[in-house]
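Input: a single structure, listed below in structure tokens.
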Amino acid sequence: MTDEATVADTSATESENRTILLIGSGPIQIGQAAEFDYSGAQACRALQEEGARVVLVNSNPATIMTDPEMADRVYIEPITTTAIAEIIRQEQPDGVIAGLGGQTGLNVTAELAEEGVLEEHDVEIMGTPLDTIYATEDRDLFRQRMEKIGQPVPASTTIVLDDDESAEAMSEDALRDRVAAAVDEVGGLPVIARTTYTLGGSGSGVVDDMDKLVERVRKGLRLSRNDEVLITESIAGWVELEYEVMRDADDSTIIICNMENIDPMGIHTGESVVVTPSQVIPDEGHQEMRDAALEVIRELGIQGGCNIQFAWHDDGTPGGEYRVVEVNPRVSRSSALASKATGYPIARVTAKVALGKRLHEIENEITGETTAAFEPAIDYVVTKVPRWPIDKFDDVDFTLGPAMKSTGEAMSIGRTFEESLLKALRSSEYEPAVDWIDVDDETLEQEYLERPSPDRPYAIFEAFDRGYTVESVVETTDIKEWYVERFKRVSESVAAAAEGDFTEAAVKGVTNAEIASTAGTDVGSVEASVPGRTYKQVDTCAGEFAAQTPYYYSSRKPEFVTGPFEGDAAAGELRVDRDVESVVVVGGGPIRIGQGVEFDYCSVHAIQALREEGVDAHVVNNNPETVSTDYDTSDGLFFEPITAEEVADVIEAADADGVMVQFGGQTSVNIGHPLEAELERRGLDCEILGTSVDAMDLAEDRDRFNRLMDDRGIAQPEGGSATSEQEALELATDIGYPVLVRPSYVLGGRAMDVVYDDEELKEYIEEAVRVSPDKPILIDEFLDDAVELDVDAVADGEDVLIGGVMEHVESAGVHSGDSACMIPPQADAVRDVMDRVREVTLEIARELDTVGLLNVQLAVKDGTVYVLEANPRSSRTVPFVSKATGVPIAKLAAKVMAGDDLADLDVEEQIPEQVSVKEVVLPFDRLEGSDPRLGPEMKSTGEVMGTAQHFGKAYEKAQSATGKAIPTTGTAVVDLSAAEFPAPDTEAGQALLDGFGEFFDVQEFDDLRGAIRAGEVDVIVSRNREALEVAVEEDVTYFSTHASATAVLEGLRHHDDPIDVQAISDRPKQQTQWGGE
Amino acid sequence: MSDAYLALEDGRVIEARGRAPGRTRGELVFTTAYTGYEESLTDPSYEEQVLTFSYPLIGNYGVRSERFESDRVHPRAAIAREFTDDVAEWLAEEGVPAIDHLDTRELVTSIREEGAMRCGLAVGPDATPADAKAELDACKGMSEHVDIGAQVSVEEPTVHEGGSAATVAMIDCGAKGSIAESLLERDATVHVLPYDATPADVAAVDPDLLFISNGPGDPENFEAAEALVDEFVGDLPIAGICLGQQVVANALGGSTEKMDFGHRGVNQPVRDLDTDRVVMTTQNHGYTVGEPGDELNVTQVNVNDGTAEGLENEDLGVITRQYHPEAHPGPNDSLDFFDDVLDLVSTDTPVATSD
């Protein structure tokens, strides 16, 4: 070997022989959504490009990053020190990258370091050092560092508990004194109280009342990992800005972009409408903050991506005045947004920088001719709008503040702010549940303008419709005039459209369909008289270089151009190949309860499958947190609202041959009908692939579906529909209480309930009618004590492949999306009817002419298999099934939809030899006042998976993966008073009491809430709402169903089983059919 | 109906909305900066050009004279997707035609593909496409503006009294105000001399340093400044920014050339060949140094296209930058250039005054 070769080898092996452990962020929850799936997936690719061997761990099966082909070794295991230490022992990584798994990844890495695990196994923390993480999370330390380099921070002080103090034990007066001193120190009320070491600012708030502040501090001290609450000068009303920064080991440091919150300081940036780039900051102020950002990242020694928050206001000087508010020394939700807003792949560059690459050595894949050492230039306006679960939580106050309540977000791109805003609002798929006619001016001002809420943007439009001035809206909302003025222009343009002048509204971003409906005319005549949409490229450089990457947004032409664009003109800047076969995959939009990251997983799999088949795959989506909207996932990424009109425009521009609406959850399914009509109206030669829209409809139409099942001799719970209260009461009496009631069109279990008598039914009808006025309600027999099953299958019109059969832990009465479930089923009652389960699934697949995915929900009672629901489209269990069985059913579905036969795809059904449990994560700790009991309404935000030889251990692993591990000793309260539970004097009741008695000191308390507050209870079984709300506040583990309490006992009995940490590809499976053999 | 027309060298006439009336012509260029419109519009280097903003919304934070770089608007006309009323009114007062409501991204990509091009504008109630074309026909190329220096330079020498750190003779080829300010902040006294100053004019202020400023157009049209460099090199330390670098290069045996569409923006990455560090810079130039010649070393390069961003001759005490270290608009990453320049004076430069 020559010297030269040796040298070359050394430099190449530097990263080639290294094993890197990448830690994911776990389940989707408020404050931590899909952004870490996107950044983790991007980082995996980047590390592998550099020749590193990647070991990945994440507990969330619904992610793309946990696909077996994403890393060299993929572990779906709890993100706990125990599980990860075991992985480290097995894989012996050289380094761990902590900055890509959100707060969860950072925290567990810090714990691994503190426990000495990293040192013991010689694992280096790559990228940003731990000291930096501590310096940014401990706000006092952070303030010291900022003061050292002369950067202004808001006045603040911490309230800290000494080792011998506890938040519970401290007297009211002592705490009050401590709080009063802190308030004095920062210059008086109002102040912001923040808890350190929490996700998304949980437990934070602007407070202007001493009593409230004392309560808030007590709560904050309990939640905080380090017994601290920070009290800060309120800079309410200042503009809140974020800067995304990148730095390499040679100190090349750049700003990727800045982001400006429309909502003023005091509202969490995750809750605010955010615009990129900043609009109201002059260059001098922008450069001052840019300098500050660079100085801060250098002082902290960050390597990779980082996010810095500022508050700014115009104090009359050319540059204005600013404060440094916060630093996130890692990839974050904002960095995902910044990546999508600019095209700069922050996670990819962060991963490469962690391996020692310099920015100018990393190629900018978007342009292909520049490097990562540049600052993106933007020639459009990006707007992000959060999406809140307001429709799921009647009892929760959705006033926006410093703590996050939103579950997801939508992003849009336009050439003007108006266009960008309207596209973003459309993309968020939110409609205020308010009839403005019923709102008087005073209420409008106080409840909807002054009070920040999800409805505020809509209220501003309403205010202008009522003739409010820009000045008065600025005054009540504290939103900058520049923005308010543009809201007014939208209102005016819509008013003009109603009078027949369509152009302004169109140019401002209103759809042709909306204009037609406002003006009471047909879409065709609107379309002919307004400027059409063309497609622009997101190129990182504002047009300076010719970009290579197919990342697009639409924009209307200015008013001097009229009519739709066709052919090449419609294509605008598109570089897609209009001559090859291509398919548009419709994505899932923002993450919300009932529609999580699993539908992005399905969309991405559909895209991958099409590309494997040699078909060009384009995607329409607007969620900036996702893998589907990464620039190299598809052949054409269209960042657009998901409406029939806008999807049809994409189809026309790309000259697509087919479109898939099965994969993006309800969002994509909902446009099936209107899209079919729109394609027909335009005479486009594009087919909706897979199961027909009519069959999807049939499955959702109870009456049609009931008749079909009856014809086929498939059992269903007895039921029917009622259009009046009288009819409903009669029907319920016929069936016999309890009954399950719901509106006829079911959206993710919305407004579903179990009622036990006439009174409850009457109450329900009042609400249901409000929910859906022109639809009847459905009343079904409630199958008490049945076992519920979920089946996911793929059909090609001929053959059917069952992906998996899951048994629910919680059964009837708990929404299937909130129930834990296991694969394969363990109950004997299910094993006995497995043949029938197969038969029923195959029959339904055939009857619905299913081509693609099919999800069937079944109930088994007394040996009979009942059909509860069938949906010929992707379901939320698809990724879980695929991860547990190793059969990629979403991909198979896309392939059969594109014309393949299952028989040709060389794939067999597989049954795992171990048990995998899926458990959900619930947002009650983020939503004060929410009902923490599981019920027919879906409330969970995300899911985790635990796998082991026995159900008990798998269930226990899944529970610990949710972050709420089952306690193993201490005091238990087993309160069986609710109808849900067996009475204490029954055999089942006694079994529960005895079971808990085996592990815990089972006690009763006269004042249960007080006992929980005092920390005297470790685990609770109850449906006492008030007590459970306290348990949520105090972070005490509880179980609100009989089924989960029973499962917990199983878990405890298997607590001492081996933890069974294994890469998913190593877990054994059998090539056997699900039933029917 | 539109009240504004833009005629392009490639034959197209684009309709737009008039924001400030008038007839004019110039070289059509674009900047990708999204803040700093006041600074850009008052930058003398845009003389005889029509400035298109890539960023669609211009004027969002108003117009304040303390942010101006000179005492008037220099581009012949301004184009954006949308101007605010503030900016439109300012431009109208200044008599600078402005148009918006056109697809500026399409315009920018055309410039990228076809190069900076001549254009003509007609804006106002009675404007016609023919008026715009007539303006286009009368439009000269940038290099043909041979006396462009006279349009942007001070007429008489003026002095900005600062401290005693250095006495700078700054040749005003169209200098941005921030250059003198950056020197003043560092305790220098700055004598601003006309673009056609003679060696005697320079000697008269007894400078410690000769500084060639930025300016519009072709550096070859700044022969007087070139002659000054030639005259004083070796006797005085010399510094230059933008056109100043090009003039210095031409004087010291190098050459300059016109670029397709130049560099205009605040995100141009420049790598220092010595430290390997990359900084972001503000740029505004349509010409560049092709060959630095035998006397000058290239010390900094553009990361994107490798063009010369910094030239130096340590022995002769010469340093120049193609970009704008004075920022305004743009990043302050390279402000230390002015420290380096003044170090040429304070340290023992090999200036041969003792000869």
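All positions are counted from 1 along the displayed chain.
Heads up, the Cβ atoms here are built off N, Cα and C, so glycines get one too.
Record check, TrEMBL: L-glutamine site residues include B:G215, B:G217, B:L243, B:Q246, B:N284, B:G286, B:Y287, and the candidate from B:S45, B:S54 also listed there is B:S45. Between the farthest pair of Cα atoms in the L-glutamine binding residues (B:S45, B:G215, B:G217, B:L243, B:Q246, B:N284, B:G286, B:Y287), the distance is 13 Å. Rounded to the nearest whole angstrom, the C-alpha distance between B:Y287 (L-glutamine binding site) and B:H324 (active site) is 14. In sequence order, B:H74, B:G174, B:K176, B:N214, B:G215, B:P216, B:C242, B:L243, B:N284, B:H285 make up the list of same-chain residues 6 or more apart from B:S45 (L-glutamine binding site) whose Cβ falls under 8 Å from its Cβ. Under a cutoff of 8 A between CB atoms, and with a sequence separation of 6+ in the same chain, the neighbours of B:E326 (active site) are B:K176, B:S178, B:I179, B:E181, B:S182, B:I241, B:L335, B:F338. Around B:H324 (active site), the same-chain residues at least 6 positions away in sequence with a Cβ under 8 Å from its Cβ are B:K176, B:N214, B:I241, B:C242, B:T281, B:T282, B:Q283, B:N284, B:G330. Look at the binding-site residues B:G215, B:G217, B:G286 and count other Cβ atoms within 10 Å of each Cβ; B:G286 has the fewest. Cβ proximity to the L-glutamine site centre (mean Cβ of B:S45, B:G215, B:G217, B:L243, B:Q246, B:N284, B:G286, B:Y287, cutoff 8 Å) flags the following additional same-chain residues: B:G174, B:N214, B:P216, B:D218, B:P219, B:C242, B:H285. Note on the domain 'Carbamoyl-phosphate synthase small subunit N-terminal' (B:2-122): mean pLDDT across this stretch is 97.
Residue with the densest Cβ environment among the binding-site residues B:Q246, B:N284: B:Q246, by other Cβ atoms within 10 Å.
Secondary structure at B:E326 (active site), as computed by DSSP, is coil.
Residue counts for the domain 'Carbamoyl-phosphate synthase small subunit N-terminal' (B:2-122) under DSSP, helix first, then strand, then coil, are 31 helix, 44 strand, 46 coil. Secondary structure at B:L243 (L-glutamine binding site), taken from DSSP and collapsed to helix, strand or coil, is helix.
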